[in-house]
Amino acid sequence: MKTLLIHSDYLEFEAKEKTKIAEDADVLSGKMDECLTVFIAVEKDDESDPDAVVKNAVEEIVKTADNLKVKNVVVYPYAHLSSDLGSPATAKEILAEIEKELSGNYEVLRAPFGWYKAFKISCKGHPLSELSRKITTERKEEVKKEKIVSKFYIINGENLELTEVNDEIISKMEDKGLLALLKHELDIKEEGTEKGEPPHVKYIKEKEICDYEPSSDAGHFRWYPKGKLIRDLLSDYVYNLVVERGGMPVETPVMYDLQNNAIREHADKFGERQYRFKQGNKDLMLRFAACFGQFMMKKDMYLLPKHMPLKLYELSTYSFRYEQRGELVGLKRLRAFTMPDMHTVCIDMKQAMEAFEDQLWMGLKTGDDFKTPYAIIFRFTEDFFEENKDWFFGMAKEYKQKYGKDAILEILPGRKHYWVGKVDMAVVDSFGRPIENPTVQIDVESAERFGIVVHDGDKKVHPIILHCSPTGSVERVLCGLLENAYLNTLENKPPALPTWLTPIQARVIPVGDKHEEFALEVANKLRASGIRADFDDREDSMGKKVRNAGTDWVNYVVVIGDNEMETGKLTVTIREESELKKAKKEALTVEELIEKITSDVKDAPKRPLPLPMKCSVQPIFR
């Protein structure tokens, strides 16, 4: 913020003409004698913490007014003080707050924002009569008040006991996943738990899945054919999951105008981790979730109780978060990502709680399907929890029965966010750190902010909205899968992805030239059955071909020699059933192999292999 403070004999103004960004004002003219006139330009940096800039501006104005012994203050918006202006919506709010904060101790006259104004001023002309100040969002160190913080509990779903977390409880916890999540929540760091890059970073490069794009911003990736296939299969999986449960797919823009009050208020709640930029006279942002577009769409819908619960789903390709460069870690923390995002409109809290429970089980199902077990934490405001204890205990009991696990419960003393309740589910990586993926949140604020209403007879009701990502970002899902693959190696198992997600599900390797024709027939039969199979026709030794198949994490490696041609029984190495130093082999007919792979994949999404069938002509991407 830039300010110009003038000790004035008088300031007189008259608003002449509106601009497009003018506020509706009751006071269009005014005069104040013996005053401190404060010309103010609100800048873009002020948007990061409007409360702080208001506080700092008021302190500076009060200090100057007291030094000059004046009790009259004019607040005058004056854009010409800066070439880096903040959004009009933010400026209006900040100016109004400054007026409000000063009004208790001073007579305040505020000129309207966004009008062409005529003004006259008489400066007193003494050494302190003209002062310019740069006001920042820096928060000065305040006297620390006793702060009420969240309380954390372990909930045993068997006997429904809540045990408040303390050092003794932490030392006795046996569930490594739950312990890792709890330590993360309590910000307990242990030396030696992080050494170098997490394994998935090596895997994404080595397996030609994806890599950083050096010509883009940090945290943005290029995706190679194998990685694009995996990401598309994961996207197909979530699409099927939500559509089967009544989700209606939509698509909304990635960019939004911050002059829209609802958009800006929702964006400001997320803090500084945003891509914001100016284009022409517009202040724009890149979305960090699909909330913005879906809420604007719901605002324009004529919603009735019979439509509830109404679920809109979007795979936001992409969402953007301007994470700190030092925090960027592979697929776990990046700046552009693919987020499956469903928002459910509910007529009341009862319906919202029913939907919350359904979506909890949907999220947990994804961990079952990916074979990446979750640790979970419920978070509720104290008031909400006290009113709905029985409902929560019912979920905790069912969770214990289904998964045999306890959960963490966080109780917040009051509502700090737009939600009163949420659940987060996390996979634990090889460093013992949680990768938070699925989430469900009960939003009690956004419907009113965005003007979303349900027409219930003669009444207009602001509904409850659930935010749900059934898997978390697609990139984090893959991160969890790859970290889990590494953890398998610590248990003497070869690293692997689930067969339905592995780019090359089967590879056929002929022992010699005379076996190639038969081997090619086998590969074609596999492909005709919807299996992603390729054919290793490279002029390498048999040992190298088998090792290459292992490096590529091929699930089923088929070797064809004389015996296989004579008997029709193929020698198949099954990766998922093997040990690191001991391959599991079976003799299977082509039909038996097709049946085994089909049974392995079950009803998971299917896509063809986006690479040439012959390994000799498959390009190398890095």
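Cβ atoms here come from the backbone N, Cα and C positions, even for glycine.
What Swiss-Prot lists as region 'Editing domain' is 1-141.
The annotation region 'Catalytic' is assigned in Swiss-Prot to 199-498 on the grounds of sequence analysis.
Under the heading Zn(2+) binding site, Swiss-Prot lists Cys291, His343, His467, citing sequence analysis as support. Within the same chain, residues at least six positions away from His343 (Zn(2+) binding site) with a Cβ under 8 Å of its Cβ are Ala290, Cys291, Gln294, Phe295, Lys298, Lys311, Leu312, Ile465, Leu466, His467, Cys468.
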Quiz item: What count of other C-beta atoms do you get within 10 angstroms of the C-beta of Cys291 (Zn(2+) binding site), across all chains shown?
Solution: 25
Exercise. For His467 (Zn(2+) binding site), list the number of other Cβ atoms lying within 10 Å of its Cβ atom.
Key: 22
Quiz prompt | Mean of the pLDDT scores, which run from 0 to 100, over the region 'Catalytic' (199-498) | solution = 94
Self-check item: Helix-strand-coil residue split for the region 'Editing domain' (1-141), DSSP-based
Solution: 42 helix, 56 strand, 43 coil
Exercise. Kindly assign His467 (Zn(2+) binding site) to one of the three DSSP-derived states: helix, strand or coil.
Key: strand
Practice problem: Using the centroid of the Cβ atoms of Cys291, His343, His467 as reference, list every other same-chain residue with Cβ within 8 Å of it (recorded Zn(2+) site), in sequence order. | Solution: Ala289, Ala290, Gln294, Phe295, Asp341, Met342, Gln441, Asp443, Ser446, Ile465, Leu466, Cys468
